[in-house]
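Trainee: Pasting the relevant annotations from Swiss-Prot:
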- 21-260: topological domain 'Extracellular' (TOPO_DOM)
- Asn33: N-linked glycosylation site (CARBOHYD)
- Asn69: N-linked glycosylation site (CARBOHYD)
- Asn73: N-linked glycosylation site (CARBOHYD)
- Asn133: N-linked glycosylation site (CARBOHYD)
- Asn153: N-linked glycosylation site (CARBOHYD)
- Asn167: N-linked glycosylation site (CARBOHYD)
- Asn187: N-linked glycosylation site (CARBOHYD)
- Asn201: N-linked glycosylation site (CARBOHYD)
- Asn243: N-linked glycosylation site (CARBOHYD)
- Asn247: N-linked glycosylation site (CARBOHYD)
- 261-281: transmembrane segment (TRANSMEM)
- 282-646: topological domain 'Cytoplasmic' (TOPO_DOM)
- 323-578: domain 'Protein kinase' (DOMAIN)
- Asp448: active site, proton acceptor (ACT_SITE)
- 621-640: compositional bias 'Polar residues' (COMPBIAS)
- 621-646: region 'Disordered' (REGION)
Amino acid sequence: MPILTLLLLILGLFISPSVSDSRGDTVAQICNNRTTTPQQRSLFVTNFLAAMDAVSPLVEAKGYGQVVNGTGNLTVYAYGECIKDLDKKDCDLCFAQIKAKVPRCLPFQKGTRGGQVFSDGCYIRYDDYNFYNETLSLQDRTVCAPKEITGVNRTVFRDNAAELVKNMSVEAVRNGGFYAGFVDRHNVTVHGLAQCWETLNRSGCVECLSKASVRIGSCLVNEEGRVLSAGCYMRFSTQKFYNNSGNSTSDGNGGHNHLGVILAVTSSVVAFVLLVSAAGFLLKKRHAKKQREKKQLGSLFMLANKSNLCFSYENLERATDYFSDKNKLGQGGSGSVYKGVLTNGKTVAVKRLFFNTKQWVDHFFNEVNLISQVDHKNLVKLLGCSITGPESLLVYEYIANQSLHDYLFVRKDVQPLNWAKRFKIILGTAEGMAYLHEESNLRIIHRDIKLSNILLEDDFTPRIADFGLARLFPEDKTHISTAIAGTLGYMAPEYVVRGKLTEKADVYSFGVLMIEVITGKRNNAFVQDAGSILQSVWSLYRTSNVEEAVDPILGDNFNKIEASRLLQIGLLCVQAAFDQRPAMSVVVKMMKGSLEIHTPTQPPFLNPGSVVEMRKMMMTPTTNQSNSSGSRSDYITEGSSFFEPR
């Protein structure tokens, strides 16, 4: 391909609209200035994780939610809300995106005890005090677009914007805290939206929007303005940025015939066009980072061509019936997966990636670059990709039984897994992970081992899927330091608290998965007062009754000695100290009976003993480094952070 064409392709990928965009791009991330002591950090982080785990289903169910978790000065107050013009799908996606960013304010990152993230589609906040009735705070922001209106339309635009701001502050209160509309006079249109958070009563909404109207006045000659307050959100723009426009207009005579509407939540997908000027700004301000991303995209394109991995975007559209909901197999924080049938009759799984931020580049590059270079019976096989359409697509072999999570906890039309199948699934998963860690040409940490990422073939051979969060592990490092990414409940304590990543983080995740499969129960360590299945198994192990933890649906139809051995291995994998967890190759040998099983010496994560251990880990410098200097040059620092809701 000519170099000019390739460059145009790359630029097009950065600025093309995506039908999957949910206005999730961050407008502002604000971390407060209240710090916490090292002794309290682990408990505060634990309460934060539980609160985040609990607030997500509330937002998914009704568009907003608040959660209080913990006691005393370690209490975490959490809140999330979507802008009311978003449909449910876009609300869920938007919230997943900003939820991934708020941990950057956590004590192990910034040393603070509160933070909030504003996007143009949703909002999230956590703090160590009850902020639910706040209308204003010292951290409120006014954000004006850098470009001003010029020429003969400047005065008209300013007047229209001022009128619209007045309309929004009045009509939103009348309409239950939400208003979206526009003013169009003298052929100049200004669009706007205002919303009070559900935590405010009517008087609080009036106060918040009244103050927002004053603050946004400083932006009236700019192309766009926003006010980000503790109790409300207000925005105007030259562009229509909301869904299903209302009819709030002013006629050319300057009358006051304003009709406010509450926009209905729709099933349409949000189209959020990245402006060319914004793309140019990013290219100038982040030149080095864009060069890296271009290099990655060029590598992807050459890799796809060299290995015959290229698929036509149009063919994949037709194969999935244009991404019909009836063909949808599932959705995570990085994209949706659809069943498709190619023209040759082959059934495939097509992953449709969301790429409205830099994150899609890393995720897509990881998937194609890593999984195309590994080959194992327990890894999902990548068949190809498409990077020539409006969004990036990955094509995998189709696994009929879907995920282990669905088979255990969702599907009601299947027989429960018997003991032999559970053993086969656990062993196959362990063998696949041992290959990734030690046997492949690359040293790969998956970072997101969980039930929903284990797919099952017809004969129940497990396949490890989703390499979007995977990391290559340098041969000359004992660990790398990275922002946390993964799934709550499966992440190792040293990774949650310090961002310290080794293969042993995957081992911990495997241990959780292993115990979940054997017990038929999910690990609820991050749900307040729910208890942890890891703690339950440990307690039974201490009293020599560990076989009682086996899924009761099996009755007596399982090998008690074998079950006890596997649960003991699971406990070894979830020990609080990472250096006491076995390597995956050792796990495989212990499962096959060719190696003695050691005795766990520590309780699993989140019981009192492990909390003490976490405190020690946070207060003690790391000693397991590639040299004794302790220099930060021993680390590779990664900036991205990504959570997928469970």
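Start at 1 and count along the chain as shown; that gives each residue its number.
Cβ from N, Cα, C; glycine included.
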Trainee: Given the model, what does the mean pLDDT over the topological domain 'Cytoplasmic' (282-646) come out as?
Mentor: 75
Trainee: What three-state class does DSSP give Asn69 (N-linked glycosylation site)?
Mentor: strand
Trainee: Taking only C-alpha atoms and a 10 A limit, tell me which of Asn33, Asn187, Asn201, Asp448 are near Asn133 (N-linked glycosylation site). These are the recorded positions.
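Mentor: Candidates kept after distance check: Asn201.
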Trainee: Counting only other Cβ atoms and using a 10 Å cut-off, which of the glycosylation sites Asn33, Asn69, Asn153, Asn187 scores lowest?
Mentor: Asn187
Trainee: May I ask which residues of the same chain, at least 6 positions away in sequence, place their Cβ under 8 angstroms from the Cβ of Asn201 (N-linked glycosylation site)?
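Mentor: Spatial neighbours, sequence-distant, of Asn201 (N-linked glycosylation site): none.
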Trainee: Measure the Cβ-based neighbour count of Asn133 (N-linked glycosylation site), defined as the other Cβ atoms within 10 Å of its Cβ.
Mentor: 11
Trainee: Judged by the number of other CB atoms within 10 angstroms, which among Asn73, Asn167, Asn243 is the least packed of the glycosylation sites?
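Mentor: Counting other Cβ atoms within 10 Å of each of the glycosylation sites Asn73, Asn167, Asn243, the minimum falls on Asn73.
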Trainee: Where the distance is taken from Cα to Cα, which of the glycosylation sites Asn33, Asn73, Asn243 turns out closest to Asn153 (N-linked glycosylation site)?
Mentor: Asn243
Trainee: Around the C-beta of Asp448 (active site, proton acceptor), how many further C-beta atoms are within 10 angstroms, looking at every protein chain?
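Mentor: Here the count is 27.
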Trainee: What's the CA to CA span in angstrom from Asn187 (N-linked glycosylation site) over to Asn167 (N-linked glycosylation site)?
Mentor: 19
Trainee: Name the one residue among Asn33, Asn69, Asn73, Asn167, Asp448 whose Cα is closest in three-dimensional space to that of Asn243 (N-linked glycosylation site); these are the recorded positions.
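Mentor: Of all the candidates listed, Asn167 is nearest in space.
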Trainee: Return only the integer: C-alpha distance in Å from Asn69 (N-linked glycosylation site) to Asn167 (N-linked glycosylation site).
Mentor: 38
